[in-house]
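A.B. asks: Per Swiss-Prot, the features are:
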- 73, 75, 77: Mg(2+) binding site (BINDING)
- 74, 90, 97: Zn(2+) binding site (BINDING)
């Protein structure tokens, strides 16, 4: 099965998890080139929407992500990537980019 890059204007939403803990580490985007580089290198590559450039995760910080598995969703437009991280996924130094709780309104 191949990803469908047409649905998301050339980008796949990519959910990255820790292969051992199953924790969600981050959400990023892949285009066709970053997808191919990820397959070829065994490490995560993404497309930076803000910088409009390819991004080898951890190349600067040393917090690389070794790919263990990649799974497409049923619509082939979202990718789940399980990794062995070499450090925190978040640029803030947190293990995961998801560390800001949202308070729910009571009775909502």
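Yeah, the Cβs are placed from backbone N, Cα and C, and that goes for glycine too.
Relative to the rest of the structure, where do these features sit?
C.D. replies: The secondary structure of residue 77 (Mg(2+) binding site), as reduced to three states from DSSP, is coil rather than helix or strand. Cβ environment of residue 77 (Mg(2+) binding site): 3, 4, 7, 8, 12, 13 lie under 8 Å away, each six or more residues apart in the same chain.
Around the Cβ of residue 90 (Zn(2+) binding site), the same chain contributes 25, 26, 96, 97, 99, each under 8 angstroms and 6 or more positions distant in sequence.
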A.B. asks: Below 8 Å Cβ to Cβ and six or more residues apart, same chain only. Which residues does that give for residue 73 (Mg(2+) binding site)?
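C.D. replies: Long-range Cβ contacts: 79, 80.
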A.B. asks: What number of additional C-beta atoms lies within 10 angstroms of the C-beta atom of residue 97 (Zn(2+) binding site)?
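C.D. replies: For residue 97 (Zn(2+) binding site), the count of other Cβ atoms within 10 Å is 17.
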